[in-house]
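For reference, Swiss-Prot has these:
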BINDING   THR11, THR12, SER13, THR264, GLY307, GLY407  ATP binding site
BINDING   THR11, THR264, GLY307, GLY407, ASN411  ADP binding site
BINDING   THR11, ARG81, GLU82, TYR133, ASP242  sn-glycerol 3-phosphate binding site
BINDING   ARG81, GLU82, TYR133, ASP242, GLN243  glycerol binding site
Amino acid sequence: MKYLLALDQGTTSSWAILFTLEGEVVAVAQRAFAQHYPEPGLVEHDPWEIWESQLWAAKEALRRAGVGPEAVLALGIANQRETTLVWERDTGRPLHPAIVWQDRRTASLCEALRERGLEGLFRARTGLLLDPYFSATKLLWLLERVPGLRERAERGEVCFGTVDTWLLWNLTGGRVHATDPTNASRTLLFHLETLTWDEELLRVLGIPKALLPEVRPSDGDFGETLPGLLGAPIPIRGVLGDQQAALLGQAALGAGEGKCTYGTGAFLLLNTGERPVWAEGGLLTTLAWHLEGKAAYALEGSVFVAGAAVGWLREVGLLGESHEVESLARQVEDAGGVYFVPAFTGLGAPHWDPYARGAILGLTRGTTRAHLARAALEGVAFSVGEVAWAMAGAAGLGLKALKADGGMAQNDLFLEIQADLLGVPVLRPRVTETTALGAAWARGIGAGALSLGDLPALWREEARFLPRMPEARREALYRGWRRAVERAKGWVQEG
């Protein structure tokens, strides 16, 4: 029997999941790694911890399954996007900690580019906004701040990559410096329609092209693992950014189909077919994938904080463990007038305000831990609701249902709240780690074992959550939410 091995490298941990060709989970392994916050608004990872945790997870998944590497048809990668790394081409030594997608240190760089009137150019070429979220200004910051880095980059001595590229480099022993279009499309340097690095944007930012990885199709040939890593070489046949992998794993293959992945942040993607749809309101135009020789596009809306809101409750002592949030929040019927705006690192779509910060409003002497727990869940659900309706309107589609996956999708109360605040059913698949499943399916396609047309029949619904809240109540809650968001905006003052 042959298997597919998915490496799912996330913001807080690295996963490896072994699947059958039909998408059934055989074994799972996960290892967490440290987040570093050197200053407010700065978020970093140790590149070696990313690699070592991912390698451990891959070995452990095979061990738990009792499967040797020769039984693995192919390996695929899904990864946190935008996170930016640079390393020496000769030695593979990282030259700075990885700057994580959540990091806001380049807000002033983005503002300077906007003041130069460049937002329209970047939007037209990449589908993205000038925001610290994306890789380009992180890379520019490194080139300006790390001594000697620009000179070495111009001589071709330095590699830049997102996390997929860093993993590929290490899996292949430095033989492959590559990425796929979904990851490239999140850098602010990639032309959405030509599917190439954009020479004009590189000139505008002063980024040497010699730094950049080769772009290969999402189901392309990315080499094979070094024999000593997993016991024998394994072909690498699929690479996708994590949110695009989840869209594929939800079998959202047609225009108008979409999903929301609830991880550290919440990420909504709506498939728009073979042509990009350009939208306002903070929505992004992006690649869904490049599979079977064709590109598919999507609209994306990002909520920077989702599961991280529950993590914050735990860190400040309101919860013992994250999973306790559901039972605690069930102790109350509502949030008691409390609004929790989870803008710890700014606001994503539809607001895109890097200067916003988190806020809890409406506190009284009667507010309890349970009210705060429920308000945190509602804050994430409100944020997702704003994005979902904006996305459906921009694409000219009615919102009929939302497919949910990721860690928070295991929380029944949260999905009940999400359905109530959206006013449409929320569907949970049997395999909720659809990011890894999408990576597995991409590599199955790359290995010739699957086709896109096979995927809808392999997707299974596990649960359906129906809205029960009266429309008048929903509208009243949203009015309060909008007031709370306005209080959180523009909180950080430059200088």
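Glycine is no exception: its Cβ is also placed from the backbone N, Cα and C atoms.
Rounded to a whole value, the Cα-Cα separation of ASP242 (sn-glycerol 3-phosphate binding site) and THR11 (ATP binding site) is 10 Å. In the three-state DSSP assignment, the secondary structure recorded for TYR133 (sn-glycerol 3-phosphate binding site) is coil.
Listed in sequence order, TRP101, TYR133, PHE134, SER135, LYS138, THR162, ARG186, THR187 are the same-chain residues six or more apart from GLU82 (sn-glycerol 3-phosphate binding site) with CB atoms under 8 A from its CB. Sequence-distant neighbours of SER13 (ATP binding site): residues of the same chain at least 6 apart with a C-beta under 8 Å from its C-beta are GLN30, ARG31, ALA32, PHE33, SER53.
Here the C-alpha separation of GLN243 (glycerol binding site) and THR11 (ATP binding site) works out to 12 Å. A 10 Å cutoff on Cβ-Cβ distances gives TYR133 (sn-glycerol 3-phosphate binding site) a total of 28 other Cβ atoms nearby, all chains included. The DSSP secondary structure for ASN411 (ADP binding site) is coil.
ARG81 (sn-glycerol 3-phosphate binding site) and GLY307 (ATP binding site) are 17 Å apart (CA-CA, integer value). Other Cβ atoms within 10 Å of the Cβ of GLY407 (ATP binding site), summed over all protein chains shown, number 19.
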